[in-house]
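Notes for the one structure printed next.
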Amino acid sequence: MSNANRYTGLVDRYRDRLPVTATTRAISLGEGNTPLIKLENIPRIIGKDVEIYVKYEGLNPTGSFKDRGMTMAVTKAVEEGSQAIICASTGNTSAAAAAYAARAGIKAFVLIPEGKIAMGKMAQAMMYGAITMQIRGNFDDGMRLVKEVADQAPVTIVNSINPYRLQGQKTAAFEIVEALGQAPDYHALPVGNAGNITAHWMGYSEQAVDPALYASNRAVYQPETHSFSGEAAIAKRPTMLGYQAAGAAPFLRGAPVDHPETVATAIRIGNPQSWNHAHAVMKESGGWFDELQDQEILEAQRLLTMYEGVFVEPASAASVGGVIRDVKNGKIPEGSVIVCTVTGNGLKDPDTAIKQCSDAVMLTIDATMNDVKCSILSNMEK
Ligand code: F0G
């Protein structure tokens, strides 16, 4: 059967712009190629003339943007002969690591903070067959341990300090530029470890140089300095916006936070690994960090679900909540085109979702035509 038109994931799609060769065997689950959904109702509700798009990364194979990075990290780990990968995680990286390791037939070891990861993510690590270590500590403790143990055991780290992770994640920016025809004016992301905001900037930057220069190696992106060497002509890049949960907002405090706490467990991180990169991104793009209270994050999550039909996990809603606030207060001017990365699927964290839906219409009725009919008629006008 001809497979010519079958989408086979982002390593195949962007092979020429990723550190792989023509013969590298991609370990893929068909990640990437996620929808860029234009919000129809929220701009009207807030009464502002802006175009807001959400890049729905929750539709990746394991339900988060981590699959973009993990396909690259595991592809390269396997190519380099590794038999095992390891990560610390707030739940999404571990789900992705477990899935891609299963696909590759290698082992995955994952360290997660005990009692602080969403139920769906827990189910994923277990089902995909990872060896799961719940640590009595937080993500930052896990990250420190992973870095230490990798020197003493034959495991490849697949956290975003693995450079191939960011390479994979930069492809989201490629897809956005392809979909819109150019970069948006603003790009907003929830920030934890700050890998994803760094990866997006890398992607936009590579996209912004003349492809002919880029292809001929005359313009080479330098991830360390976020600049180009060579004769690059830079086209438009967005202003980058990073939103943190107030209880886990080291970029707002200007220093690591010892005891991060937030309902958005995915970004419950006090000591971001890509600290310098993220600051460089803000400086270069003219962007800013801001923080949201847990209540604001949950309100944005609910708004997105009830008025747009897009169900994301709490951390993901931080990007939308931050943008709504900054559009309302005029920091983002009317007429702007804005993309928010919504990083993970709402189904990941059913507990938090159900807890905040005490006002949801949930009727228990007899199994009769009359009861069903009465329920419809009495709720029509609500
Ligand atoms: N949104 C979600 C749903 C996440 O899972 C994460 C990070 C982020 C945003 C923040 O991205 O770290 O690149 O700034 N989750 C990691 C994990 C830490 O272990 O799953 P970042």
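Backbone N, Cα and C define each Cβ position, glycine as well.
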TrEMBL pyridoxal 5'-phosphate site partner of N92, G192, N193, A194, G195, N196, selected from T305, T343, T352, T364: T343
Spatial neighbours, same chain, of N193 (pyridoxal 5'-phosphate binding site) - Cβ under 8 Å, 6+ residues apart: N159, S160, I269, P272, Q273, S274
Set of same-chain residues at least 6 away whose C-beta sits under 8 angstroms from T343 (pyridoxal 5'-phosphate binding site): E57, G58, S64, F65, N92, L189, P190, N196, A266, V312, E313, A315, S316, S319
Any further residue of that chain within 8 Å (Cβ to the Cβ centroid of N92, G192, N193, A194, G195, N196, T343) of the recorded pyridoxal 5'-phosphate site: F65, S160, L189, P190, V191, I197, A266, I267
Cβ packing number for A194 (pyridoxal 5'-phosphate binding site), 10 Å threshold: 25
